Each structure stands twice: as C-alpha cells, then as structure tokens.
Number of protein chains: 2
Amino acid sequence: MGSVHVQTMSKQYEVRIDTGLRHQVGALLKELLQPVSSVLIVTDSNVAPFYLKDVIQSFDESAVVYDYVIESGEASKSFSVYEQLLTKALEVGLDRKSAVIALGGGVVGDLAGFVAATYMRGIRFVQMPTTLLAHDSSVGGKVAINHRLGKNMVGSFHQPEAVLYDTDCLMSLPEEEWKSGFAEVIKHGFIRDEAFLKQLEKEWTSFKTISVERLNDMLARSISVKADVVSEDEQEHGIRAHLNFGHTLGHAIEAQLGYGKITHGEAVAIGMLFALRLSEEMLNVNFHIEQYENWFLQLGYRTKIPASLNRERLLQTMSKDKKVEAGTIRMVLLKRLGEATIVNIPPEKIRVLLDERMEGAHG
Amino acid sequence: MGSVHVQTMSKQYEVRIDTGLRHQVGALLKELLQPVSSVLIVTDSNVAPFYLKDVIQSFDESAVVYDYVIESGEASKSFSVYEQLLTKALEVGLDRKSAVIALGGGVVGDLAGFVAATYMRGIRFVQMPTTLLAHDSSVGGKVAINHRLGKNMVGSFHQPEAVLYDTDCLMSLPEEEWKSGFAEVIKHGFIRDEAFLKQLEKEWTSFKTISVERLNDMLARSISVKADVVSEDEQEHGIRAHLNFGHTLGHAIEAQLGYGKITHGEAVAIGMLFALRLSEEMLNVNFHIEQYENWFLQLGYRTKIPASLNRERLLQTMSKDKKVEAGTIRMVLLKRLGEATIVNIPPEKIRVLLDERMEGAHG
Ligand SMILES: NC(=O)c1ccc[n+]([C@@H]2O[C@H](COP(=O)([O-])OP(=O)(O)OC[C@H]3O[C@@H](n4cnc5c(N)ncnc54)[C@H](O)[C@@H]3O)[C@@H](O)[C@H]2O)c1
Ligand SMILES: NC(=O)c1ccc[n+]([C@@H]2O[C@H](COP(=O)([O-])OP(=O)(O)OC[C@H]3O[C@@H](n4cnc5c(N)ncnc54)[C@H](O)[C@@H]3O)[C@@H](O)[C@H]2O)c1
Ligand SMILES: [Zn+2]
Ligand SMILES: [Zn+2]
C-alpha cells in the first residue's frame, strides 16, 4: 500500500493507494470525517455497475448514504448536471456536516468536487479515482465544469479531505484510458523527476503486463510529483503552470479535433514530443527525441499531429489571442530532463516545428 | 471619509466610505488592481439608470470596461442569471487578470461575487454597495445564489479586493430599504457594541433627517463590527454565527410570508425583539424591551409576528428539522447588551414566546 501526503495552504490530506480500498470506505471515512451526517456518492454510468455497490456496502447500517449516477462522458460536466446534483443534495438534505464522494474518473471528480465546493458555500469531499488519469485530476483541488465557450471555465479550488485510490478499479479500464492517463505519469517524470522517467521507460513498455506492486509504486511516485507542485503553488500563481507541459499543443489538438475524438493523454503525448523539440530549438539542449518517440509508439500512442488539422488554427488556439503576430506564446519547456521552465516563444518558431511534427511530414 | 480595514485568513482589504466615490472608481482601481486587463460591471435595472454611467465614465480611455444589467430583485440570484453572466464574461473575454465590479445591493453583490468566485476558478472582484443593507452583505466574502429549495444554498467564500461605498447612492434608496438595512446596523450594536447601540438610539429616530457625516460615521462603525467578526472567523465555524442574531425567527417569517412580502430587515427586527425576550427568559437578564419596541415603532418597523403566520410552521422552519420535539433549537441570544452567545432552547420555551409576540396577542 502506498500513501502520499499533500500539504497546501488551505488543507492537508492523504492519498491512499491500495487494492480493495473500496471495501473499506465506510470505515476509513468514519475516522477521517468525524462527524459526518450523511454522504452523497457521485459516480457515472460506466463505473456504477462495477463498484458502486461495494462502496455502499462498506458503510455500516447507521450511516446515511445516498448516491447519484451521471451519464459517463465529458458532456456531464455541464451546468444542467451540476444543477441536478445540487437539487439531489438539497432533496436528500445534505448539510454542512455532510460529504460528497466522487467515485470515478476526472469527469466525476471535477463535477462532484465543484458541487461540494459550492453546496452551502462548501462541504467536504473525498476523491475515489477509478481511472489512471484521475491519479492526476483527483489531487490538487482543481474542480470545474465546462461552458460551451470553453472547457473548465467555471470552477473553484477545493481540496478533498482524502483521496482513496483503489487500484483494483483500474482493471476494468479500457486500454485507451490507460494510455490517456499514462501520458500524465510520463509528464510528471519529464518536468520534475528524471530518475522516475528512466524507470518508467524501462518498466513500462506495455499496459498488459503490470504487477499490482509496480502499478501502486508508479502511482505513488507520480502523485508525489503532483503533490509537491500543488503544495508549492496551490492556486497556480507560478510553478503549478509546469503541469501544463505538453498541454499547450495538446489542448489545441483536442479542441480542433473536437473533444472525444482523441483522448486527453494522447493529445498531451503529441504535445510533449512537440515541447521537447521546441526545447531543443530554444534552449540549446538535445533530448534524443527518437528514443521517446519509439517508446510512445510502442505503448500505442500517436506521436505526430493529425494531418487533418490546420497549422494556423492550432497556432491561434495555442496563443489564446486573436492577434497571433502581436505577441509571443508562453509554453512550458524543459531545460533538462526533470526540470521545466516557462518560455515566451515567437509564433514563427512554432510554425516551423508544427510543420515538422505533422503526420506525413519528413522529420 | 471613513475607512475600515478587513483582515481575513485569505485576504485583507479596505472598505472606503465616502460621498462621490463612484466618480473615482477608475482611478482607485488602477491603484488597487494593477494590473487589470478588463472589468465587468454588474448592476441591476433600478441602479443602472442612476449610477452606471458615472462609474463607466470614471475609467480613462485605455481601460476595457463592460457592463451587464440584471433585473432588480431576489429572483435574479438564480442559476439562469448566473449562467448568463458567465456567458457574458466568456464572450467579452474576461481573463484571470480581469475583475468583476458589483454595483448594487446585496442581490447584485451576492450574484456577481459568485460569478467572480467561480469564473476561471476565481477572479478578483470589487463591491460597490448601493443599499444600506449591503453595508453588511458586501463585507465578509459570502457570495451565493438561490435554489428553489433554499435561499443562498449555492455559493462560496470569496473576499473582494475592496469595497467602495459611495454613500451618495443611498439618497435614491426607498425608505423601505433604509429600514431593511438599518436593522442590520442595530444588530451589530446589540451583539458587539453597546455604546454604538446607545448612540443609534439617540441619533436615529427617523431616516429623513440624516446628515452625511452621521451616515458615514454610522456605516464605518457598523462595518467595523462586521469586519471584526469576519476577521476572527472567516468561514463561520464559530463566532460568525453571532451575526445570525434575530435571523432564526426572521428567516422563518420571510420564508412563510413568501420572500418579497416583507423586507429582510423588517423580519430581522421582529426576530431581534423576539431574541431579546428569549434572552430574558433563558439568561436571567432584563432588557426593558418596551424601550426598543418603541424605538423600532418610531422608525416604522413592525415589531410583532404577523398574525397570518402559523406558530408550528414557524417553529418547524426555525428548527431546520422535521422532528421538532426531538431536539433543541440553537439561537443567538444576548448575555447583555453588546455580548452575544449561542444557546440551545427547548421548543416549548419558543412556543410560549411565539404566542406572546404574535400581533394581536397581549404582551
Ligand atoms: N482537476 C484536475 O486537475 C484535472 C486534471 C486533468 C484532467 N481533468 C479532467 O478530467 C477529465 C478526464 O478524466 P478521465 O480521463 O478520468 O475521464 P472520465 O472520467 O470521463 O473517464 C474516462 C472513461 O472511463 C470510464 N471509466 C472510469 N473509470 C472506469 C473504470 N474503473 N472501469 C471502466 N471504465 C471506467 C468513464 O466512464 C469514462 O467513459 C476531463 O474532464 C478533464 O478536464 C481534471
Ligand atoms: N453576502 C452576505 O453576507 C449577505 C448578508 C445579508 C444579505 N445578503 C443578501 O442580500 C440580498 C438583499 O440585499 P438588498 O436588501 O441590498 O437587496 P437588493 O439588492 O435587491 O436591493 C433592494 C432594492 O433596492 C434597489 N436599489 C439598490 N440600490 C439602490 C439605490 N441606490 N437607489 C434606488 N434603488 C436601489 C434594488 O434594485 C432593489 O430593488 C439578499 O439576497 C440576501 O440574501 C447577503
Ligand atoms: Zn492533462
Ligand atoms: Zn441579515
């Protein structure tokens, strides 16, 4: 069993990583949340059939436990589902001593977390991540819903009381979702932990043959990186921005392909390789990118920008500004493996490398 | 000109109280918010015709200033208006360096504050109260919208960067609203500042003949009480609950009459007299309530519970519990003038005094 401690200005909490935790939730929360008047478990339509019953049954008879199952998918991070959840909370009578449990991936965590952040001006919540990606999203307290004009545009910072990561749950996760989450693991190596990165390269060449020990170790280490960054900078005034490594292009690819057409992590993987190349150009370093590209390919990632995408529109999204030429684009680059930095980059530099990293281009 | 300093765990800020401040907003914010990329002024349909233009014109040409006018009234503290405001913010492109200005009463402040609290996980905001009641609501960082199942059920704690109180604006305020806001002023005297209470009794026998100096002094002192309480207990874990003096019965009266049928302050005034009587019964003190009752009548308040209301339903709402008999009701009482305390009261005690304080009862 692993455990990572998170210490922010506003709260400190444990991330527990172990198999079978879902059977112990009731007992664990009895300790962690005393007193708790009632809990509302929020989960989604894919996760509920597998694990909801186990979590409910982990509470003893005296506990007051409600649940609410949302449709799986990004579309549930909406105003209307947010409002539905608040209505549910009011109908069952959650009060200031109640808690919300988010049982699911990043969608459930972000949505249920925002409900907890704003119900009666904030009640406690507990993250129970069930995807690999959620090892990242469940730690750090960023919660949000989407607006049609932008993803994660409405939200708060609201740290959980605890993160209970039952790694059994990952066994039912589709390969696609392993790939998506693992990109964030690699990211944590790139930006802050070179030794971890090397270890990942050696040990993780497939998602099919993983021992539970290795998985739990990997998660503890990856979460430690996230926890460190968040501890230093809870509200993203500085270093927390390093977590955006690979995300400037990654987000642009997701947005232009249309959300759901490519997983978040796969887009980030393409973005990280791009950022490595850009680091070479801007910071006078050599990362032997072919080696990472081969590893990514072995794990099943796409490594180039889909040919259907338009360079100028990507640039537009990356710059977040209508007048691209006017300014520079701020991106997270690597000074060396394990050390990130933020650099302002002229659009012309980016154009050249976008061309280079397009599918079908010579590179 | 008056000024009160507010110091909470999460932020410190000034409340400035002066005539004509609306003409200086642009200049003041240039100092307070540097850098600010753009501002969105939120106001309501009653306030806009009087003061919006002045505020807009106070900014110099280089400033990026947007505005949004909501319908006046409590009904605007809704999910749909909240979403409309977020849409506006996204459409005009507010970013993390933007700020929201709430120009209005408590409705505008609570709503615009919640927008600021959750737009991009929180941007800065500035309160410009234009009602007397908002001397209370604009300080302390409580922001919220309503749900059909309960008032202020969805919200956050989000402290403003500054409160700019242009007391000129109170000149257009209807007498009804003076009365409503002044009840909170009296409350601040009762719970924490006996000398202030005595001064109010002496100086305030009508809302028609007030000098600007007296008004500004009174506001500074009343806001100081609020600021002290909030500084000690930002998130209402303890002493902040004292601000609910008069509100347990007050809220029940509002809810049962239907919101808008009686002003908040007038309901609180009835609630305060009730709480004084209950303090006498429970805490072995004598407050000479007739004297306060006469003062309240002179100022135009109702002092008794409207006869149309049902005692058992009031008790129900006050107890926030379906099984009234099971428990006691927690209320803020006074040990002496200027000193509040929280007491658990058996429902039977409350019944007797509710009867006594009903319109038409002998008392
Ligand atoms: N808050 C943060 O800091 C942060 C960070 C990164 C991403 N995010 C957010 O996270 C979301 C993406 O998270 P995600 O990738 O976990 O998405 P997700 O929650 O949609 O999960 C992916 C898919 O896997 C299914 N699933 C979840 N657990 C499963 C299990 N154990 N077995 C089988 N299927 C399972 C889900 O139903 C869904 O279909 C995005 O909305 C993103 O904005 C937030
Ligand atoms: N956040 C807090 O700590 C807190 C505390 C107390 C009350 N509140 C909230 O405050 C709200 C009530 O505030 P309120 O009494 O200011 O209500 P309000 O904002 O509705 O204002 C009362 C009326 O006066 C009008 N008005 C405002 N300024 C005016 C002016 N200068 N001239 C003429 N008309 C003017 C408004 O349009 C409205 O019709 C409630 O929603 C309540 O929940 C919040
Ligand atoms: Zn990511
Ligand atoms: Zn009040």
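Counting starts with 1 at the first residue shown.
Using the three backbone atoms N, Cα and C, a Cβ is placed for every residue, glycine included.
Record features (TrEMBL):
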DOMAIN    B:68-179  domain '3-dehydroquinate synthase N-terminal'
BINDING   B:72-77, B:106-110, B:130-131, B:Lys142, B:Lys151  NAD(+) binding site
DOMAIN    B:181-324  domain '3-dehydroquinate synthase C-terminal'
BINDING   B:Glu184, B:His247, B:His264  Zn(2+) binding site
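Per-site Cβ counts within 10 Å over the binding-site residues B:Lys151, B:His247, B:His264 peak at B:His264. Here the Cα atom of B:Asp110 (NAD(+) binding site) is found 15 Å from that of B:His264 (Zn(2+) binding site).
Summarising the environment of B:Gly106 (NAD(+) binding site), the number of other Cβ atoms within 10 Å of its Cβ, over all protein chains shown, is 26. Neighbouring residues of the recorded Zn(2+) site, listed in sequence order and excluding B:Glu184, B:His247, B:His264, comprise B:Leu133, B:Asp136, B:Ser180, B:Ala183, B:Lys187, B:Gly246, B:Gly250, B:Gly265, B:Ala267, B:Val268 (Cβ within 8 Å of the Cβ centroid).
Compared over the binding-site residues B:Ser72, B:Thr131, the count of CB atoms lying within 10 A of a residue's CB peaks at B:Thr131. Residue counts for the domain '3-dehydroquinate synthase N-terminal' (B:68-179) under DSSP (helix as H, G, I; strand as E, B; rest coil) come to 45 helix, 35 strand, 32 coil. Ranked by CA distance from B:Ser76 (NAD(+) binding site), the binding-site residues B:Glu184, B:His247, B:His264 have B:His264 at the top as the closest. In this structure, the C-alpha atom of B:Thr131 (NAD(+) binding site) lies 12 angstrom from that of B:Glu184 (Zn(2+) binding site).
The binding-site residues under consideration are B:Glu74, B:Asp110, B:Glu184. Their Cβ neighbour counts within 10 Å are lowest for B:Glu74.
For the pair formed by B:His247 (Zn(2+) binding site) and B:Glu74 (NAD(+) binding site), distance between Cα atoms is given as 18 Å, rounded to the nearest Å. Residues within less than 8 Å, Cβ to Cβ, of B:Val108 (NAD(+) binding site) and separated from it by at least 6 positions along the same chain comprise B:Val42, B:Thr43, B:Asp44, B:Val47, B:Ile70, B:Ala102. Highlighted here are the binding-site residues (B:Ser76, B:Asp110, B:Glu184, B:His247) whose C-beta falls below 6 Å from ligand 2: B:Asp110, in sequence order. DSSP assignment over the domain '3-dehydroquinate synthase C-terminal' (B:181-324) gives 100 helix, 1 strand, 43 coil.
For the domain '3-dehydroquinate synthase N-terminal' (B:68-179), the model gives a mean pLDDT of 97. Nearest to B:Glu184 (Zn(2+) binding site) in space, judged by Cα atoms and limited to the binding-site residues B:Glu74, B:Gly106, B:Lys151, is B:Gly106. It is 16 Å from the Cα atom of B:Ser72 (NAD(+) binding site) to that of B:His264 (Zn(2+) binding site).
If you measure from the Cα atom of B:Gly106 (NAD(+) binding site) to that of B:His264 (Zn(2+) binding site), you get 11 Å.
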